[in-house]
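Some features that Swiss-Prot has for this protein:
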| type | residues | note |
| --- | --- | --- |
| TRANSIT | 1-39 | transit peptide |
| REGION | 42-68 | region 'Disordered' |
| COMPBIAS | 44-56 | compositional bias 'Basic and acidic residues' |
| BINDING | G357, I381, L390 | S-adenosyl-L-methionine binding site |
Amino acid sequence: MAALCGGMLRGCILKPLGLSGSLQLKRNVRALRRTPVRVIQADEEGRERKQVEASRQRQPRQNESQACKAVGVSPATVDIEAPAHEFRYERALPGDKRLSKVVTIAKSKKFRDRHGQVLLEGQRLLTDALDSGAVLQTLFFSRVDYLKEFPPDKLRKTNLIKVNFENIKIWSDLVTPQGLMGIFAKPDHVKMTYPDTQTKHTLPLSLICDNIRDPGNLGTILRCAAGAGCSKVLLTKGCVDAWEPKVLRAGMGAHFRLPIITSLDWDIVPNYLPAGTKVFLADNFRPDNQNKPAEVSEKASDYGWVATDPKRIFITEDGYESSSDEEDNTDKLYIPGLEVQSYFERWAQGPCAVVIGGETHGLSIESLLLAEKSNGKRLNIPVVPGIDSLNSAMAASILLFEGKRQIENTMKRKSCVTE
């Protein structure tokens, strides 16, 4: 009986204790479900503030559609960022085809003529263009650090688009792309400003390019003209476009150091030459061939930047030459006979112009007539027998720097006389 009462007593005592334990357990579970307080460090707080400010600055640019319309492409969804150096640029998202479209159409001469835009690549070429006053409309770059190399005021109104370097590498014509490609408004020689060092050493020496159709040759010729101190370069119709990418690369910035006037008719060429300018033609005529009869050739290159007979000759309608003493001279065009002299003899004593013809089509009849009208001559560059002629770019460099030497010597003699 005592055992039975003791068991009942223990059950009554343990029951409230078990209930109390159950309540305590529930309280502990509820306490564990509470979210702990987050401790924010000072650096994390600053980082979050910057993220909030950056998110507020993400908004579409107002001139994006206008910029895309100018280059003939549709606008894409991009992010706008404001770097520390205050340049606002767009980050092109994956699938953005603006670069490929712009580069493709900018390499077309029809596009350049229609829209008046040219494509320049590389930091040096872009810098020279900006210094000369050319207007940069759109700049594609792969690294933000590249923007620091340009004057900030030159990029204020420019559409800056950051793209992956791989995209530039695909569309670049350079072996080692620099990650910079710019779309410029086609420069106008009247509105451009040239370096003071270039204008200070400018000579009364002009260059006329006649049927230069190789881009590499034309670019090299322009570079020689800038180095020799020519006052201007005139390109007649038939020459390759001076703003073709290959010409720009070979020119090494010569386009922005002296006036280059393109697509000229021969009728207006004299309007761009100073009064009293004598016109001289590059010629590979050899004195020992003077008494030899002219040979008829079907190759246009044989009538290249040179003539074969110093006497007056005619050209028939079928393109063949004939001497002036032949019986039938009907339906033939007159080609003037010009005196020939060696290039190292004195010829550059005043304002003068040198005409360089292309290696394929050579000098035009209009260039010969202009030289005759100005009392000019043909300049011969002696070469070893067996060598037909020199490259047009090589001939231009020889004649231009010889003209530079003669003009400078003449100026020195005149200065000594006046003193």
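Using N, Cα and C of the backbone, Cβ positions are placed for all residues, glycine too.
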Original post:
Taking the Cβ of I381 (S-adenosyl-L-methionine binding site) as the centre, how many other Cβ atoms fall within a 10 Å radius?
Top reply: 19
Original post:
Rounded to a whole angstrom, what is the largest C-alpha distance between any two of the residues G357, I381, L390 that the record assigns to S-adenosyl-L-methionine?
Top reply: 14
**OP:** Taking the Cβ of G357 (S-adenosyl-L-methionine binding site) as the centre, count every other Cβ atom within 10 Å, in any protein chain shown.
**Re:** 24
Subject >> L390 (S-adenosyl-L-methionine binding site) CB neighbourhood, other CB atoms within 10 A >> reply: 18
